[in-house]
Amino acid sequence: MGSSGSALRVCADHRGGINWLSLSPDGQRLLTGSEDGTARLWSTADGRCCALLQGPLPDMLQSTAPQVFSNMAVSVVPQNQGHESYVTFCQLEDEAAFTCSADCTIRRWDVRTGQCLQVYRGHTSIVNRILFTNGQLFSSSYDRTARVWAVDKGHVSQEFRGHRNCVLTLAYSAPKDLPTEPCLEAAMGGGLLVTGSSDDTAKVWQVASGCCHQTLRGHTGAVLCLVLDVSSHTVFTGSTDATVRAWDILSGEQLRVFREHQGSVICLELTDRLLYSGSADRTVKCWLADTGERVRTFPAHRHSVSALKYHEGTSESVPLKWGPHPRVARAVLTALCRRGGDPSSQSKVFTGSGDACARAFDAQSGVLQRVFRGHTFVINCLQVHGQVLYTASHDGALRLWDIRGLQSVPPLPRRPAAKRSLSRLFSNKVACAAPVPLQPA
């Protein structure tokens, strides 16, 4: 394919920017949440929309609604069941989908029927993030709180108050992953929730009691992202102060600081004791998680790195169409990768950027292997499944790309950066934090 990949499919059904993209655990469906107030389910088998989860249409679309949807072979949820404002985040499970919105609510949907099963009300401002894990539903909001909900009943089980500004991101450590000492059993019985805020702190909460277990102080800017290593009880936080920090969630001790970025740290990915960080300085950096040593840098972006995904690699011998036994094919490929097998394509780092391009890098060498062009605005999220890269953009499109046969490409000539503001991209991450000037690439 040369230096630039062509899209296998362009899905432009949304009428507003796509804020998030989630892949189901079984790999059969994708879920997108959009500025148009709707969420859509897509099949990974053919890339087609199979359900539209929506509420009342925006006024500007009401007159054209019959024409817009008349030819779509999708199930449409009754209009009184959907969100009343833009969807900020979504998470897809095998049998249920969860969405949250600027309308201050969370909704749970049946992925088979497209019906809204539950509405969760209680937040008093934009719900920024949700996390469904271990049978529990967690949420974070601009109202300075995080909450855990009774999934089937729809009411708040516990509320976590203490942040002085918006709660932007969260992660959870289950009781089975925590120490079993008798003196800690009561505190750790419901697990620990970690939240990051625009008040420059992260906090660790006891889920059972709602009490703050630790406050992690050290950042001098908003905590935009975090990733939790449950095995070592360590959380890594990324901030507008251009640092990544590692913390012990049990003791609250700051373990190390990763300092080489020159702009806000926007996204993090942890795999095999390697930590990847994407930044407004237009780079991704790879660090040894246990020491803080930087081992490589992935440059070539012309704007902020807004999305990041590590992928173990795919085999050229497995076709894009999985055939009659998709689960068997996926299991064989996964086993090969875990055993250190030799799929024809090695591990990759995929990035999305404010320059409207996605990129594929060789994870070991840091060499740029392909640039995926076609979006017209910032890429907010990406997923990889099989041999397909899925990118979701603020231009409203979901694009599917073939990632077979990735090869090194020469550096591209520089061109002026886009003048269009990315303020809307970071509105649900940075909140009121001051912007950090970009440094020349």
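Cβ coordinates come from backbone N, Cα and C, glycine included.
Predicted, not measured: the structure shown is a model, and the values here were computed from it.
Annotated in TrEMBL:
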- 11-52: repeat 'WD' (REPEAT)
- 80-119: repeat 'WD' (REPEAT)
- 120-159: repeat 'WD' (REPEAT)
- 190-215: repeat 'WD' (REPEAT)
- 216-257: repeat 'WD' (REPEAT)
- 258-297: repeat 'WD' (REPEAT)
- 372-404: repeat 'WD' (REPEAT)
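Across the repeat 'WD' (80-119), the DSSP tally of helix, strand and coil residues reads 2 helix, 22 strand, 16 coil. Distant neighbours of the repeat 'WD' (80-119): 16, 19-26, 29-39, 41, 51-56, 125-132, 137, 139, 141, 143, 149, 151-152, 154, 428; these residues of the same chain sit at least 6 beyond its ends, with a Cβ under 8 Å from one of its Cβ atoms. Helix, strand and coil counts from DSSP across the repeat 'WD' (216-257) read 0 helix, 23 strand, 19 coil.
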